[in-house]
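Participant: The following feature annotations were taken from Swiss-Prot:
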type: ACT_SITE; residues: 68; note: active site, proton acceptor
type: BINDING; residues: 8, 9, 10, 11, 12, 13, 69, 149, 150, 151, 152, 172, 177, 178; note: substrate binding site
type: BINDING; residues: 39, 68; note: Mg(2+) binding site
């Protein structure tokens, strides 16, 4: 079975893929290309995921998977959306992004939100395929938990009565937006092997 190449340098994302593809070698693109970076100019998660997977597939001449994901807060008209990673500005980190979001929600009652993940799979001379996963939750007023990354410490999942940062990687793989999208991808790849 071929390696699963992920067009990301984000170890958190790579770990999410490894948690589901336990019997395959999952590698980040930095192991194959030094300083791979694609400007995310798309207006949607799908456009950004495709930009990354298509550029990486072209550069490596092999199948590559990429994702774009983020947080959509309903009371903020979908913000931070595609700007989730740079919500507080370029050069800022997860803590800065969380702080900006909590400030923007300071007097807001409706704190419903969803994480969205679109995975794209591209290969030379093939049409890019996409897989979308979501998970619904509520933005807390303070951080809880140490597991995960990004907005996980303030994203509360009512069904689990925990934030995403309080659940195990295995639990996260089963319910998270990325976990849902990765499972759809895995199902597709397993079906591909039986053709």
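Cβ coordinates are placed from backbone N, Cα and C, and glycine is handled just like the others.
Map these features onto the structure and tell me what's around them.
Facilitator: Within 10 Å of the Cβ of residue 68 (active site, proton acceptor) there are 25 other Cβ atoms, across all protein chains.
DSSP assigns residue 150 (substrate binding site) to coil, not to a helix or a strand. For residue 150 (substrate binding site), the same-chain residues 6+ apart in sequence whose C-beta sits under 8 angstroms from its C-beta are 12, 71, 84, 85, 94, 97.
DSSP classifies residue 39 (Mg(2+) binding site) as coil under the three-state reduction.
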Participant: Could you tell me which of these binding-site residues, 8, 10, 69, has the greatest number of Cβ atoms within 10 Å of its own Cβ?
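Facilitator: When each Cβ's neighbours within 10 Å are tallied, 69 tops the list.
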Participant: Quick check: in three-state DSSP terms, what is residue 69 (substrate binding site)?
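Facilitator: Its secondary structure by DSSP: strand.
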Participant: What residues, ordered by sequence, lie under 8 A Cβ-to-Cβ from residue 152 (substrate binding site) and sit at least six positions away in the same chain?
Facilitator: 145, 163, 164, 165
